[in-house]
Amino acid sequence: MSRTLRLAITAGEPAGIGPDLCIQIAQQGHPQQLIVIADPELLRERAKTLSLPLVLHAFDDSAPAQPTAAGELFVVPVELAAEAEPGVLDPRNASYVLKTLELAANGCLSGRFDAVVTAPVHKGVINQAGIAFSGHTEFLEDLTSSEKVVMMLATEGLRVALATTHLPLADVPKAITAPLLRQVLTVLIRDLKTYFNAPNPKVLVCGLNPHAGEGGYLGREEIDTITPVLDEMRKTGVDLIGPLPADTLFTEHNLIGADAVLAMYHDQGLPVLKYKGFGRAVNITLGMPIIRTSVDHGTALDLAGTGRADSGSLHTAIDYASSMVQSKEHGNANS
Amino acid sequence: MVNDKPTVALTLGDPAGIGSELIAKLLSHRQVLEQANVVLVGDEWLWQRGQTIAGVQVELQPIVSLAEARAQAGGRPLFLAVDSVHPEEVEVGTARASGGASVLKVLDLCLAAVRDRQIDAICFAPLNKHAMKQAGMPFEDELHYFADYLNVDGFFCEFNTLGGLWTSRISSHVPLKDVPLYLEKGRIKQASQLIYRSLQAAGVAEPRVAVAALNPHGGDGGVCGREEIDIIAPAVEELNAEGVPVHGPFPADTIFLKARAGEYDAIVTMYHDQGQIAIKLLGFERGVTVQGGLPVPITTPAHGTAYDIAGQNRANVEATLQAFHIACRMGAAYRAEANC
């Protein structure tokens with residue numbers, strides 16, 4: 001029988017739907033010990049607003065891990081700087097948000113938690129508070145001293161990793177270099193093996209240009225950059241298919257047997273995920289010494305405190321984090 | 001006897017592809033004749049072959065010129081037989097200059113007739129650009145050929161349609177690095193206006209048109225690219241001020257979800273894969289291409305000649321049916337425009 005996992009959940013921006021989602025998922029029992037890192041008062045208040053029952057237990061490191069009963073959550077308390085009103089951002093709480101992330105990541109590094117699942121933060125308000133912050137991924141990359149992280153989104157039957165993320169489209173072609181692709185593919189292949197039970201990962205690689213450049217007529221990056229890297233990596237036995245035209249690659253039939261797709265840019269991969277995911281997509285950061293999954297949506301300030309937020313993505317993120325931990329341990333046990 | 005229906009020409013497309021079997025299947029649908037006076041233009045032997053492959057038999061009424069199509073319209077589809085290619089010049093599944101020449105000859109006949117308002121629309125079966133180029137077509141594709149034939153000097157572009165959703169694009173078959181060069185306010189305005197008016201011509205009284213952003217998250221307020229702020233949003237504002245109610249710019253990862261939910265009739269995309277990835281996910285087998293910006297209605301199924309399955313009766317007629325429906329609606333508007 002597998003052991004009980006300890007998953008840290010950061011509730012994210014207190015004015016957004018993060019706290020709501022934590023309370024909503026607590027309405028059913030979970031085989032994992034779910035440990036929310038947030039201000040307990042905030043959670044209690046929000047539960048009241050949502051008219052949902054919630055019992056909080058202080059998380060105790062020294063006690064054995066235990067499953068989470070319906071209507072309950074474990075909590076590692078971090079105090080808000082200012083009271084949080086649903087839908088109203090307050091820069092004073094920016095450092096609170098970052099503190100929860102730090103506790104979660106450090107807890108993963110020290111073995112206190114098995115993985116961290118993050119609810120959405122609001123980049124704008126953190127920057128407004130005078131703290132340079134470009135996103136969860138970059139923040140955790142620094143905190144864990146990771147060399148190269150890769151953003152991957154997953155939903156039922158499809159995983160898409162991105163070679164470039166939040167770049168203006170005009171800057172994408174020059175960012176697609178051989179060293180970048182080599183690095184991204186190396187992380188992707190390694191983590192598919194470790195966390196996704198894929199001993200010989202098969203990865204479909206998108207071209208950059210329409211029709212994957214059509215033999216050089218519609219762009220040369222496929223010929224000059226992408227193909228040489230794929231050829232080189234195939235020599236090490238990696239199963240890489242491509243570069244393929246992105247518009248046909250994502251059709252059902254072409255995805256059969258693939259462990260992941262590598263997209264060259266944000267909007268090449270994400271719309272497909274959203275389309276196929278139906279609110280059940282999850283964002284995973286690869287290349288770190290810790291396991292981190294996240295919801296695929298934003299803070300949805302207008303829905304905070306209304307009870308209309310959809311917790312599907314948080315459920316999925318918890319499931320993915322758990323299966324990644326299990327795959328890692330199962331793999332280690334066999335090696 | 002002259003009736004109120006639009007007169008729509010059908011062609012058999014590239015003779016080595018699935019065109020003839022598709023048209024045979026199309027004409028075996030009873031409701032096709034309720035929507036239009038149909039006139040098939042093509043080689044007798046190819047039409048017979050199409051019927052044999054599809055396993056259908058459709059009685060046609062021969063005519064000798066498209067000029068008499070309207071007057072001859074009756075219970076049966078009309079048939080203008082042409083001699084454009086011989087069976088021994090055609091190898092099923094192979095692009096040949098003879099096939100390209102056949103396509104050009106048939107299209108020329110139809111283009112002249114629709115220009116002269118002898119007929120009201122053309123719905124052509126899939127053709128092969130390379131075969132047409134081998135036969136001497138000096139243009140990159142059929143749309144440029146049509147535009148030249150019809151002396152079009154304004155903005156024109158292809159629309160891809162899927163069910164109720166139409167898309168057009170500001171840039172098409174160009175390297176991704178060149179996409180930003182096409183991002184001009186004028187182009188965006190022309191493309192948006194064109195799809196708006198074309199939807200009206202196809203029977204949508206108040207089209208809901210959305211314009212896509214270029215950058216991730218629509219540029220995130222300028223942090224992730226400025227084209228939305230500098231180019232796309234001003235184009236949308238100007239259009240609104242000029243009485244063309246289009247919306248946007250919207251991030252690419254959510255706009256197609258809204259469209260799928262029925263919130264929009266059309267999306268103006270900024271580059272090829274932005275629209276094509278979504279369109280293919282939404283169900284490419286039903287896709288139709290509308291030749292936008294021409295003075296006459298021309299439609300075709302979005303798929304190609306499917307050489308690999310030609311002659312096997314496996315071709316799906318759905319896109320051809322949709323292309324025909326749109327040709328009928330646009331043909332009716334084209335005809336009405338002549339009468340007022």
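Cβ from N, Cα, C; glycine included.
Note that TrEMBL annotation is computational and uncurated.
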Considering the substrate binding residues A:H136, A:T137, A:K274, A:R292 given in TrEMBL, which of A:N254, A:N283 is annotated for that site as well?
A:N283
Do you know which of A:H166, A:H253, A:H297 TrEMBL groups with A:H211, A:H266 in the divalent metal cation site?
A:H166
Which of the binding-site residues A:H166, A:H211, A:H266 has its Cα closest in space to the Cα of A:K274 (substrate binding site)?
A:H266
Rank aside, I only need the closest one: which of the binding-site residues A:H166, A:H211, A:H266 has its C-alpha nearest to that of A:T137 (substrate binding site)?
A:H166
Can you list which of the binding-site residues A:H166, A:H266, A:K274, A:R292 come closer than 8 Å to chain B, going by CB to CB distance?
A:H166, A:H266, A:K274
